[in-house]
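Features of the protein shown, as given by TrEMBL:
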type: BINDING; residues: 113, 117, 304; note: Fe cation binding site
type: BINDING; residues: 135, 136, 137, 138, 139, 168, 181, 185, 274; note: substrate binding site
type: DOMAIN; residues: 25-310; note: domain 'Gcp-like'
Ligand code: KG4
Ligand code: ZN
């Protein structure tokens, strides 16, 4: 018989509820975005995020059930993101999941948000192990090695800013609205790598990243030009910034995949929506890793959503990794 997992995600600024059948088929995936409310502050305001989650969570649960045409009594389990993320935001999802699971006598599955991003790839094709995932989002830049299903080892990570965070900070200097990753990506396609910013940590023999030096180089260049009343091309600035980020992400991932031979590579997280990164990663993997296949989730599944949480939840459920009603939000959760 089919298993139906209800997934709940509220770690940052999207309230999302989804129903996924057998860890493979999305029956519904409701995403209530709060971006409009955070735009005027230039970033996510945690207290504002929590309030929105409170308003949206039960509406999203009802809508997800309705869209999937599923009765609560037919559900198999409830999966919820319990970290990492903003504590107040996480708490709303965790409390809602516990209440829903208790009221409907359903098992509760705790899910790590980063695992969720990786499992977004399983909607494209079945995951095969060992697998290496590059997770790039507003809060994370991590290389995760998975020997088997639901097993995670971080082999590299950012020492400072996450890739998405660097996009958003640079966007602010260009007076773009938050979050600016998508707009910088579009501008980058119209410009050239004229400024050739530094490529951090490429020479070092590890799989870690650093983006704060790039961010500072970008800000200094723009401020110095402003002082000289010189105008720089926004397109060339975006293209130069993106060329540096993409080169480092792709080269480090390929380097890691040579040290940890894998069947599959996964590119995941909000920044995986970046066209430059998607294209370059596809090209370099095809050229340099002929024995591995690359999976990139569809654009709508790169950003935060609950379908990916339900999919990761299904694998935890298969391994009987369940939580009881003492489950708490864990903002600094690692693997
Ligand atoms: O995964 P996500 O939705 O939320 C977190 O878990 O952080 O990622 C959001 C991040 C933001 O920093 C946003 O600027 C970035 O993903 N982003 C992009 C693109 N689309 C979204 N960055 C670069 N290029 C894009 N096309
Ligand atoms: Zn995320």
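Here the Cβ of each residue, glycine as well, is placed from N, Cα and C on the backbone.
Where TrEMBL records a feature, it is marked here on the structure.
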residue: 113; record: Fe cation binding site; Cβ within 10 Å: 25
residue: 117; record: Fe cation binding site; Cβ within 10 Å: 31
residue: 135; record: substrate binding site; Cβ within 10 Å: 28
residue: 137; record: substrate binding site; Cβ within 10 Å: 25
residue: 139; record: substrate binding site; Cβ within 10 Å: 20
residue: 181; record: substrate binding site; Cβ within 10 Å: 27
residue: 274; record: substrate binding site; Cβ within 10 Å: 27
residue: 304; record: Fe cation binding site; Cβ within 10 Å: 27
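For residue 117 (Fe cation binding site), the nearest of the binding-site residues 135, 137, 181 in terms of C-alpha separation is 135.
Distance noted between the C-alpha atoms of residue 181 (substrate binding site) and residue 304 (Fe cation binding site) is 14 Å.
Taken in sequence order, the binding-site residues 135, 139, 181, 274, 304 that lie near ligand 1, meaning a CB under 6 Å from one of its atoms, are 139, 181, 274, 304. With respect to ligand 2, the binding-site residues 135, 137, 181, 274, 304 contribute 137, 304 as residues with a C-beta closer than 6 angstroms to one of its atoms, given in sequence order. In this structure, the C-alpha atom of residue 135 (substrate binding site) lies 11 angstrom from that of residue 113 (Fe cation binding site). Taking only the Cα positions, the spacing between residue 304 (Fe cation binding site) and residue 137 (substrate binding site) is 9 angstrom. The residues near the Fe cation site, meaning same-chain residues not in 113, 117, 304 whose C-beta sits within 8 angstroms of the mean position of the site's C-beta atoms, are 9, 11, 12, 81, 114, 116, 137, 269, 305, 308, 309, in sequence order. Residue 113 (Fe cation binding site) and residue 274 (substrate binding site) are 20 Å apart (CA-CA, integer value).
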